[in-house]
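This report refers to the structure that appears directly beneath it.
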Amino acid sequence: MNSSLPVVSPAYLPANETHLEIYNERTLLDGAIMTGVVYGIHFTIFVQTAYLLSRDLYKKRSNQFFLAYITVMFILGTLFISSSSRVAQMTFVDDRDYPGGPVAWAAAAFSIPANLLGNVTFTLANWLADALMIWRCYIIWTALTRHYVWLILTIPCLLWMVSFAMGTLLLTQVSQPGLSIWSNSSVNFALTYFSVSLTLNILTTVLILVRLFQYRYEMTRSLGRAHGKYYTSVAAMLVESASLYAACSLLFLVPYVLNHPLQNIFMQVLSQVQIIAPLLVIFRVASGHGLTSTSLKTDSHVSFTTNPSSPMDHAGSTRAGESDLSTDLSTVSRPDLIVHFKDTDSEGCGQSELMLTPVSQDKRGDVTEKVIELKPEP
């Protein structure tokens, strides 16, 4: 028995295969492995998000929708990883001696049931992810202003419908024996579909980022940098805009157009990233850190007054340690929140009180206030 260990040698390379073909095969295997790793991340975030949503499942109707959405997406991601694992087994084990190697087999067997399952789940998840990002874009824009919102969202909605049509045609095409996304057919539905999807991703990402930057500027100018960065830090804006989704789509499409082997990695990884990106958005909302229409509207309409004689008397007389200076930072005539700063020391240099006064409108149209006092500990 030979106890020597095998070494890497050119003599062990597959016969009649070029270095490019071997590199292609490596990227196929690397893509399957990396997809499994990213699926583990997907599973972890899904469990955390599902737990957060289930706590108020019957109190918030939106939580029921979000839980159903992430569950469907998780099922699609799980079916894809199952398909990817089975195809990898057939590629490198069951049919390893196929003429032309694993890459040739992958192109020829694109229509087999195991591969078709992955193609269908990938496309369905892509449609659902794009739809959620359009909805997210709508929420962020309408919460701050309703001017030209539908005009702005017309292009993303049209792109989604084109993506749906092209994706349906692509699935019909690759379900035919011998055809794949690399086939030299008269009409390349794959390139059109992926290009439209990438354009939609970039457009929604830019629209959300532009609105968040504008929101950050307004909040920083009104309330200072600390409040402006709470919801709109760089990390928060990257998550809210699903920049990860757009970046991974770009990393796949460029090698695909150039017919570079790296496409094999990013195409498989994209199957999970396109699910993780909207999942992170829902996770932020469920944990109370995400931007919602309520938080955006509340933060956009804030009024400051300093030292009124009474929370209910904004025109009170000036006393020691108090000021009648009033500065309205609201963008509307009637604020949603009034913040009172009042010195408790008669000399005006002692302990301060912070009183938050949410303003509401009763049935008669009169403004009512509810005072919440926040006092620092001595």
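Every residue gets a Cβ built from N, Cα and C, even glycine.
Taken from TrEMBL as is:
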TRANSMEM  32-53  transmembrane segment
TRANSMEM  65-83  transmembrane segment
TRANSMEM  103-128  transmembrane segment
TRANSMEM  148-171  transmembrane segment
TRANSMEM  191-213  transmembrane segment
TRANSMEM  234-253  transmembrane segment
TRANSMEM  265-286  transmembrane segment
COMPBIAS  300-310  compositional bias 'Polar residues'
REGION    300-328  region 'Disordered'
REGION    358-378  region 'Disordered'
COMPBIAS  361-378  compositional bias 'Basic and acidic residues'
**Request:** Count the Cβ pairs between the transmembrane segment (103-128) and the transmembrane segment (32-53) that lie under 8 angstroms and are 6 or more residues apart in sequence, then report whether there are at least 3.
**Result:** no
**Asked** Restricting to the same chain and to residues at least six past its boundaries, which positions have a Cβ under 8 Å from a Cβ of the transmembrane segment (32-53)?
**Response** 63, 66-67, 70-71, 74, 77-78, 80-81, 84-85, 87-88, 265, 268-269, 271-273, 275-276, 279-280, 282-283, 286-287
**Request:** Residue list, the transmembrane segment (65-83) vs rest of chain: Cβ under 8 Å, 6 or more residues beyond ends.
**Result:** 35-36, 39, 42-43, 46, 49-50, 53-54, 57, 114-115, 117-118, 121-122, 124-125, 128-129, 132, 271-272, 275, 278-279, 282, 285-286
